[in-house]
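Data first, discussion second: the structure below is written as structure tokens.
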Amino acid sequence: MDLIPAIRQSLSVCRPSLRAPTHHPIYVVPRLLAQHQHHQQARRNISTTSDTSRNVHSSNGGHAETTTSSGSHRPKRRMVLTQKQRDFLDSALRVNQAGELAATLIYAAQTPPVTRSHPHLRPLMKHMYDQEAGHLTTFNDLVAKHRVRPTAMYPIWEVAATTLGWATGIMGREAAMACTEAVETEIGTHYNDQVREILGWFEDARERGEEPDEELVELVDTLRRIRDEELEHLDHAVENDAKDARPYDPLVNVIRLGCRAAIQISQRV
């Protein structure tokens, strides 16, 4: 038997099995390409959304804005005061002005007799008087700016405050400090009530989608500052033996009752 023809025949039979099959279509590469294109598009979408979010956040300064149906942004509406709220503010400024006038007159009348017997209290009395004078200037300016009618009781409060300051000063250091404790307790509480009332307006306004007026926010800050300074005077009074005044309870209770009555009258008259 001739070996060479036999080997050639054997190779010709085996060669087709060594080649890659050509009769089956190749779907692997198109499928991978489609998946790759899908992931690339998704990544581009996420990147675009993230950039847009950052741009909106940056342009808004990090604050949320109201979005209209058309997609445009507009600032929140400003808070508009009701007539009742305006009346409250007028009354508050009128009372505060009268109260600070009375406080300055009380300290002015107390200082000579108190510092004559206790010279070391002169810096403290001056410090408290200067703060009250600053408060009075603040409310004088606010009353003039907003055209609020001052109380008609001004002349009476001037006489009453001067008399109270002089009388407690003559009674001694302890009585003068007890007077300060009583007055500052009522005034501090009064300012705190005003702050809480206005903050309640702010909360209601935000629920309606309105932004509190900047001038009103500034007024709240002013009231807080003055309230804290009044309570500082209260602390000074207690530290300087206000509780040792004789008779302590009747003196303090009468003064506090007088302050509450003056507040109620000044709100209306």
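Here the Cβ of each residue, glycine as well, is placed from N, Cα and C on the backbone.
Those TrEMBL annotations? Automatic predictions, nothing curated.
Small disclaimer: the values here were computed from a predicted structure and weren't measured.
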Listed by TrEMBL with GLU100, GLU132, HIS135 as binding Fe cation 1, from among GLU230, GLU232, GLU239, is GLU230
Per TrEMBL: Fe cation 2 is bound by GLU132, GLU230, HIS233, and from GLU184, GLU186 the site also lists GLU184
What DSSP gives for GLU132 (Fe cation 1 binding site), in three states, is helix
Cα nearest GLU184 (Fe cation 2 binding site) among binding-site residues (GLU100, GLU132, HIS135, GLU230) -> GLU230
Binding-site residues considered: GLU184, GLU230; fewest surrounding Cβ atoms within 10 Å belongs to GLU184
